[in-house]
Ligand code: NA
Ligand code: NA
């Protein structure tokens, strides 16, 4: 059989496996091995089942993911999210829609020490939701700002998603982190605008709060020292060059552990909970990476990527049109599939395409993260929405999705902007180099 | 028959584009249609440089470009090339490496694979963001940790080895001050975009990087005589010469380009200073000889092989 | 059967916890290295060597618990459209494929570690032999395969004999650790 035909059959077989609930990493690995075997032979193919996982397990770039997960879990357990929230509240809580804006800013602040969007959503679901409901915020706006703010967990560096992308495409994690800063700032600004637009059209959705006194502000700042120090040590350490990203993650773990103790919140049960959470997440990601790398061998020997690049670059369409089509496809797939899976599965085909168009892989990584963030809040399966719904059964999915709409529009606008102007993303890494 | 040749380097990088790919084309052409050697560059068959050897052993790839330094404990004899002040150039060093293999000084892992080519890089020197003229200047400098062979020398110089820095991250590590410098050569400075972040380059030759092109032995044995002949024609000493000439030409080109910008000061130690450097890093050679079986014999044979190769050039 | 399953899950969880406690220690060691480098210009030796070999075990230690608790990234749309029976059939299908996957992995890991012993691969700076670490990782992979055998049997039993109808919606945090 022609290798290209094998690649096509393999791709379809993988889709079928995924649809019948086979975990994505498992489906990719099994199809990858079988496909590779049918082109090269079973003997070499099965060795991939050890060599690829082993090389992922020994990869210190990838090891940054469990470390940042541990850091995020420890920071949440140490109550750092409440500290950021109170500080943001003392500063901007009295403005129109102040608590919603507070949620966005605090999510961004917490996102700067936590690499996970789901964790950020769950954390502010606990911290911000009761506060907003109590002050008469309508549930849709409250839930919308938390679910949208939650995406900042992966949009603001550090971000597990960026690390995964960097490892799978061999880009520098630091480049992705620095490329993400301007887009992340834009996300916060766009979300704040979305809140104001929403309140202009629907003034009853939120009530004004009281202005905090200088004393209260200073007190809140004093309480938030842990987050500030953690942020300065970790991100400051990375960008200033005192340590590498891997070292920063390790320092972050130690530091957030010390904060947990210093804040008097350490118990053995807390520690066990934190370790269990981080280890569960880690295994999932590694199994997906095992599958993705094995599958990419199959795609490589089949020549499918080269064939696709040849076919597509022969089309009389500008590259940007192809890319926009790809993004629409991802968002569409995200409706009933899973954006992360869609991205990981298609990487071996898409990356050569991006390179052949002459685009930057760091830029594409940031675009991918934005798309995945959009997927986290779009129906029917928006993970952040699910998390909130499971925490607050009384707030229906419909209400939350209604609340999401202004933020979703803001995100689509940001995606368009970042797609059309790659320099927004690439400027900062080029300056830092 | 199609053979898969894996390179962890991007297809546009010098060694892959100008040496390995033309080599593969030459062999394919000489085989009269018996062989097609297909390049898998950019890590499409394995991204990790350390993994390349395993790819060939497992039969995932048939041929691969391997850097033994990434597999410590293997091809141990070849690390003699990492010792300071032995190798003047890739042109002289690469044929010397092949001679060592032919004369039976390189054994162990070398016998388990079909060796198609054995080479060394141009010698590594000190690229840094501080002026380094004499060995004392290295005191307290944070340097990217080299392999075990030069680590003791680095410490003897009073430098601080910093681990965990890969080729692609060297430039940003220097620019952010994580390290002050690294042992490297002009080609790598260009490839890894270090040109903008280093200010000084001291030319003392502090050891080179051994490299191999290996083939799965069973695969080679299974080929027809005609196919074997095509491979043999371009392998061994011929391949070493080809590699050395091209590698050094690229170094010269990279150096000229980098120096034309005027941002890097080249420090060429004089005779006295070279002696000081030799003395300061001698511990590396001493330890290597002690720690390796037949260390002295291999070392001496290599000195001789390099001198011979240099004489014929 | 249920009892054995619960006990196995418990053990798997403890193994994962021990593994991640190791990660905490690695982080502490790395931090110490940085502090010493920063303050005294005298870093610890071979921290990366230790990290890379210990990481292998940390990751391998998470896998049995991951399989025991079915915490993998999967797309479970079909099951949520179909009824309880559809979901149980799909559970068995997914478990069987996962079983093939983990058995293949465990089966290949042993010769991989054995190969490292024969070739004598060592860590970069400290020169530690690598194979014992990978042998330990292989043992954890075998444990994971055993766990998956039990999970699969339990899924088949639920399909045939029926069982508690898991009406609870699948935990939203389950599939999206990366997010
Ligand atoms: Na983040
Ligand atoms: Na979605």
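Glycine residues also receive a Cβ, built from the backbone N, Cα and C atoms like all the rest.
Quantities reported herein were computed from a predicted structural model and do not represent experimental measurements.
Residues annotated as transmembrane segment in TrEMBL: A:5-24 (among others).
Among the features that TrEMBL reports, domain 'TRAP C4-dicarboxylate transport system permease DctM subunit' is placed at A:11-424.
Nonlocal intrachain contacts for the transmembrane segment (A:30-50), taken as residues 6+ away from its ends with a CB within less than 8 angstroms of a stretch CB, comprise 1, 3, 6-7, 10-11, 13-14, 17, 22, 291, 294-298, 301-302. According to TrEMBL, the transmembrane segment annotation covers A:30-50 (among others).
According to TrEMBL, the transmembrane segment annotation covers A:62-82 (among others).
Residues or ranges marked as transmembrane segment by TrEMBL: A:102-129 (among others).
Look at TrEMBL and you will find A:141-164 (among others) tagged as transmembrane segment. Listed as Cβ neighbours of the transmembrane segment (A:141-164) (distance under 8 Å, sequence separation of 6 or more from its ends, same chain) are residues 61-62, 64-65, 68-69, 97, 99-101, 103-104, 106-108, 110-122, 124-125, 128-129, 132-133, 173, 176-178, 180-181, 183-184, 187-188, 191, 194-195, 198, 205-206, 234-235, 245, 249, 285, 289, 340, 344, 365-366, 368-370, 372-374, 376-377, 382, 384-385, 387-388, 392, 395, 399-400, 402-408, 410-411.
Away from its own ends, the transmembrane segment (A:176-197) comes close to residues 96-97, 100-101, 104-105, 108, 111, 141, 145, 148-149, 151-152, 155-159, 162-163, 165-166, 238-239, 245, 362-363, 365-366, 369-370, 373, 406-407, 409-411, 413-414, 417-418, 424-429, 432 of its chain (Cβ-Cβ under 8 Å, at least six residues beyond either end). Positions annotated as transmembrane segment by TrEMBL: A:176-197 (among others).
As annotated by TrEMBL, transmembrane segment applies to A:218-239 (among others).
Taken from TrEMBL, the feature transmembrane segment applies to A:245-262 (among others).
For the transmembrane segment (A:304-333), same-chain residues at least 6 beyond its ends with a Cβ under 8 Å from one of its own Cβ atoms are 3-4, 7-8, 339, 342-343, 348-354, 356-359, 367-368, 371, 374-375, 378, 415, 419-420. Marked as transmembrane segment by TrEMBL: A:304-333 (among others).
Residues annotated as transmembrane segment in TrEMBL: A:340-359 (among others).
Here TrEMBL flags A:365-388 (among others) as transmembrane segment.
Taken from TrEMBL, the feature transmembrane segment applies to A:400-421 (among others). Only residues 6 or more beyond the boundaries of the transmembrane segment (A:400-421), in the same chain, are considered here, and those with a CB under 8 A from a CB of the stretch are 139-145, 147-148, 151, 183, 186-187, 190-191, 193-195, 197-198, 320, 323-324, 327, 366-367, 370-371, 373-374, 377-379, 382, 385, 388-389.
On the 0 to 100 pLDDT scale, the domain 'TRAP C4-dicarboxylate transport system permease DctM subunit' (A:11-424) averages 90 in this prediction. Within the same chain, residues 65, 68-69, 71-73, 75-76, 80-82, 84-85, 87-89, 92-93, 142-143, 145-161, 163, 184, 187-188, 191-192, 195, 227, 230-231, 234-235, 252, 256, 281, 373, 376, 383-384, 387-388, 391-392 sit at least 6 positions outside the transmembrane segment (A:102-129) and bring their C-beta atoms closer than 8 Å to a C-beta of that stretch.
The transmembrane segment (A:340-359) makes no contact with the transmembrane segment (A:218-239): fewer than 3 of their CB pairs lie within 8 A, with pairs spaced 6 or more apart in sequence.
Counting same-chain residues at least six beyond the ends of the transmembrane segment (A:5-24), those with a Cβ under 8 angstroms from any Cβ of the stretch are 30-32, 34-35, 38-39, 287-288, 291, 295, 298-299, 302-304, 337-338, 341, 344-345.
Outside the transmembrane segment (A:245-262) by six or more residues, the chain places 60-61, 63-64, 67-68, 70-71, 74-75, 77-78, 80, 113, 158, 173-174, 177, 226, 229-230, 233-235, 237-238, 270 with a CB less than 8 A from a CB of the stretch.
Remote same-chain residues near the transmembrane segment (A:62-82) are listed as 56, 106, 110, 113-116, 119, 123-124, 126-127, 158, 160, 163-164, 167, 173, 226-227, 230, 234, 245-246, 249-250, 252-253, 256-257, 259-260, 263, 265, 270, 273-275, 277-279, 281-282, 285-286, 289 (criterion: CB distance under 8 Å, separation of at least six residues from the stretch ends).
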